[in-house]
Amino acid sequence: MTQQLNVDPAEIKKFEDMASRWWDLEGEFKPLHQINPLRLNYVLENANGLFGKKVLDVGCGGGILAESMAKQGADVIGLDMGKEPLTVARLHALETGTKLEYVQSTAEQHAEENPETYDVVTCMEMLEHVPDPLSVIRSCAKMVKPGGHVFFSTLNRNIKSYLFAIVGAEQLLKLVPKGTHDHNKFIRPSELLKMLDQTALQERGITGLHYNPLTDTYSLGKNVDVNYIVHTTL
């Protein structure tokens, strides 16, 4: 009996259709380019650097975070189920001379083949796009080495996140395409922590990611009402 993949075909198609514009700094993925230095620095600071470490980026898309981690001297594999985003990621790595590998697979499949393999696992802006986020979290826990670091980022589910991420970002400011997110799939920090409790991962810190529409800039802070990042260790 074939195991059902933890994949939403509609989500895959959504990002396949936008793949060619992944590295357009003024396109649909501009917010990802803007927040990437913050995400990268958060990982660097909490994982004590990445140089020489084996790193997996789950749900890597077109490779924005994966490529930036490779440039820090990490041995990076980017994992995604979208064929077109991975094609774009590979081409961009060739253009920039960045050495890393991209694999088309689910977290679950990769975990079966690569247990306790990585020093650092990142899973950013991905959990809200799969049918079973707990399954992805369990897979990340399985793939990291004992003592290793796993980072998750997603969106909180409340009225404020609906107003900011759906009404504001998608409908008014048009920071991302309409339909990019489904508010019902957003994950409260308390829910994410309960999922972590079902694994061996230990939460080490949580921080919010904030957008200032007046300055068109992002920053990290204590408020986790909308976007947030969680640092865990095994």
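We count from 1, first residue shown onward.
Heads up, the Cβ atoms here are built off N, Cα and C, so glycines get one too.
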Residue in R39, R90, R138 which Swiss-Prot records at the S-adenosyl-L-methionine site where G59, D80, M124 also bind | R39
If you measure every Cα to Cα distance among R39, G59, D80, M124, the residues said to bind S-adenosyl-L-methionine, what is the biggest one in Å?
-> 18
Enumerate same-chain residues with a sequence separation of six or more from D80 (S-adenosyl-L-methionine binding site) and a Cβ-Cβ distance below 8 A; give 'none' if the list is empty.
-> G59, C60, G61, L86, A89, Y102, Q104
Close in space but at least six residues away in sequence, with Cβ under 8 Å from that of R39 (S-adenosyl-L-methionine binding site), the same-chain residues are L65, T122, M124, S153, I229
